[in-house]
Amino acid sequence: MDSSLKHAAARTVHPYYPVDLILNHYVPNTYTMNDTLTLLFSTFGAITVGALVIAHRKRDSTVKGLGNQLTFLWFVMCGFIHFFLEGYFGVFHETLAGDQSPLGQVWKEYSLSDSRYLSSDSFVLIMERITAFAWGPLAFYTAYAMYSNSPSRHVAQIILSLGQLYGCTLYYLTTMVEGSPHCDPHPYYYYFYFGFFNIFWMVVPSLLMHNSIKHLYRAMKWVHQQEAAGIKAKKLE
């Protein structure tokens, strides 16, 4: 038998795209898709409840109103997703295809929409490590800065949001420009996993950057007005 045919025959069968992707350490999940999504959304639900309970304590001051409470929740959720979920990928990417831990099985389920997570794609690996170990802690800090009404809140918010928007844009475009060869073409995986799960990190950061720019602009405008008033007062003395 030809060596190339022997090599092809020896490949481990897997459900990911492209179909010729070599993942010889792949082991099928023991969780069903419903089990995995239940685990994931139950965890998100617990984080949501915890964050809103914490925000409730500041409902009459720094986390006042539904919009601010949802913003606080966003930063807390981003911190957990970036640091723990994406951080897990950043550390264990080489063995992820055979990983049977709960987080490993979540990643294998999501990878049906983007197999780059199982092949240690260099762009995805670098992007996710930056997201996990830079944006993750910064998201927690931004939530704390908002909770404590720190003057650094909007500086942190605009840096974090710009990083998220930039990373997500590149994440989409680096595979879409090639025709999305790493994505399962089934609408459920392509539009729900790949599209819906990630679009939040383009829409919400855009809104938050707009919010921070308005606050920083107003603050700088006030400073300039005070400086101008001070110069004018000195001239009149």
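Every residue, even glycine, has its Cβ placed from backbone N, Cα and C.
Features as listed in TrEMBL:
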DOMAIN    67-209  domain 'EXPERA'
TRANSMEM  36-54  transmembrane segment
TRANSMEM  66-85  transmembrane segment
TRANSMEM  123-143  transmembrane segment
TRANSMEM  155-173  transmembrane segment
TRANSMEM  188-208  transmembrane segment
Please spell out the DSSP helix, strand and coil residue counts for the domain 'EXPERA' (67-209). 117 helix, 0 strand, 26 coil
Which value does the mean pLDDT take for the domain 'EXPERA' (67-209) in this predicted structure? 97
